[in-house]
Amino acid sequence: MVDIILNDERYSFGDNSTNWLTLKVTDYDAFELVPMDDSVYEGLAGIGIALSEAYDLVDSLRQKKIIACLKRIFSTLLNSYSKIQNTSYFVGKLGIISAIFRIGLITDQKLPSYMSDIIDSYCLNIDVSQADFLSSFPNEITAFRNTDTTIENLSQSLNKLKELGIYDENYICWNRLEVNNVSLAHGNLGVEIALLLLAGQLRSTDALDLFNKARNFDNRQKIDKGWVDKRNNETSANWCHGSTGVLVARLAQLQLDDRYKILSDSEREELKKDVEHAAEQIVEIGFDMTNFSLCHGTSGNLLALSYYMNYLGNDESKKFKSILDREYKKLHAFGLEKGWMCSFNTKYNVYGLMTGIPGVLFSTAKYLKEDSSLDILIPNL
């Protein structure tokens, strides 16, 4: 996978810029080979993160090639940073800072001082119309959860979440009721992580109340196996929609409660039951070979289960070890023989971290390292 990524790089000796042609769906639902954007989700920052993660797992010759490539990505991202409007992690500036920092650890390139200043004292962009976890400030709040960064407008962000919420009886959501799924990318799950962090940081009973009302909305869609996917009235196991997003979101919430001790025993037990329910559903339907991506495919499901296994860290985790070994081997056997299925076929490669081959690489590297960070499924600086 490293070789595929490096061999398809297109760079300029003139200005040291770089890019890849990746397969994307256009606004007219057609497939098209286009240059990548700069984002973590499906752009250059994501490739930089994946190659940085794989660096210490490859031989010295490939390491040299990775370093040369990462230096070009570093330069390209620096040059385009000021032109990017979105400030969030997955599709905006914060994710680019995260990628540049990770790249610098490999290449010895330094984070510019203005980026270091941003990390020291951060102001969330709450001038938005939706609290979407993929593209808005809840992912910024979440990304800082393991840092010492001072976020200047945390209280204001809580007020903004109150303002953007859609209220009904004893629950709340942040999207149109008729289309709102149990979703990490676009539903309540990601907002709930931010709310629990706000509850802990601000010691806010309002934030905790919103967190529990948001979970009430999720519980309305919980069924015997997984959660209802309103797009097809079935059930899904993906990072973006369904059980995979539930699994990593609840793990992040349990970790936050380990730190802040703000949930009751019964509330914490409900989170654990959701984790178990989600894991069962992923094992049952999550290893389809029709898509390998992190966002909506097998690599994301395997990585989420890997994080869960490492979170358990006891005899209970052994059953997941055998499942993960088997399914990762099956994934790689298919990919090596037939190609990496990250779109409608294997003829054209997709190079987004969340949508393509770099995500398969990232997932595999994290599994081999026995990592428990929840990175990148839950944003992390």
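Every residue, even glycine, has its Cβ placed from backbone N, Cα and C.
As recorded in TrEMBL:
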type: BINDING; residues: Cys240, Cys295, His296; note: Zn(2+) binding site
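On the structure: features taken from TrEMBL.
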residue : record              : Cβ within 10 Å
Cys240  : Zn(2+) binding site : 21
Cys295  : Zn(2+) binding site : 27
His296  : Zn(2+) binding site : 22
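Within 8 Å of the centroid of the Cβ atoms of Cys240, Cys295, His296, where the record puts Zn(2+), the same chain has further Cβ atoms from Ala185, Asn238, Trp239, His241, Ser293, Leu294, Gly297, Gly300, Met354, Thr355.
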